[in-house]
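Asker: Here's the feature list from TrEMBL:
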DOMAIN    8-177  domain 'Cation efflux protein transmembrane'
TRANSMEM  12-32  transmembrane segment
TRANSMEM  38-55  transmembrane segment
TRANSMEM  76-93  transmembrane segment
TRANSMEM  99-121  transmembrane segment
Amino acid sequence: MKEVHKPLIVSIFGNILLAILKVFVGFLYSSLALISDGIHSLSDVVTSIVGYLGVKISSKPADRTHPFGHSRFESLFAFFIGIALFLVAYEIGRDALERIFVGYTIEVNSLMLAIVVLSIISKEAMTQYSLRTGKKLNNQILIADAYHHRSDVLSSVAVLIGLFFQRLGFSYGDALAG
């Protein structure tokens, strides 16, 4: 397996695992923030697959129909990752506002907080791995994927803060974190 593929494979399988954990625990304890974060992790699987395909296509050598090679596809796929990141951010913001107006409250426990902390640590590790490899190989797709992971870290930090405030009695903590 090429070095450029490894961070994307780690991202795909890491995000599948995180999505399953967050959605399962979110449904188990009715946490909209965890469910939302889990669905966000599922969308990350899609963007990492797009990134993987982009790397595969852009690394093809020149041929009759593409005499200068396929390297420009790398920028196109990096652009699609950026668009996906924007759409996910929009959906999360829209859902959060909707949940605030509904006023749904939950009971936060240590398992929920532990899952979010695990997610933050895992996503930061994915960020560092993708960024280091992307810079080393000068690969825009890996660098874009790394910054996507970083936005996920920040999103999960917001979930952690929201759940923490919910646990302290602030009734909109889960909704705000969603």
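Yeah, the Cβs are placed from backbone N, Cα and C, and that goes for glycine too.
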Asker: Taking residues 6+ outside the transmembrane segment (99-121), which of them lie with a CB under 8 Å of any CB in it?
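Answerer: Same-chain contacts beyond the ends: 18, 21-22, 25, 29-32, 34, 37, 41, 152-153, 156-157, 159-160, 163-164, 166-167, 171-176, 178.
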Asker: Please give the sequence-distant neighbours of the transmembrane segment (12-32): residues at least 6 beyond its ends with Cβ less than 8 Å from one of its Cβ atoms.
Answerer: 38-39, 41-42, 44-45, 48-49, 52, 95, 99, 104, 106-109, 111-112, 115-116, 118-119, 122-123, 126, 163, 174-175, 178
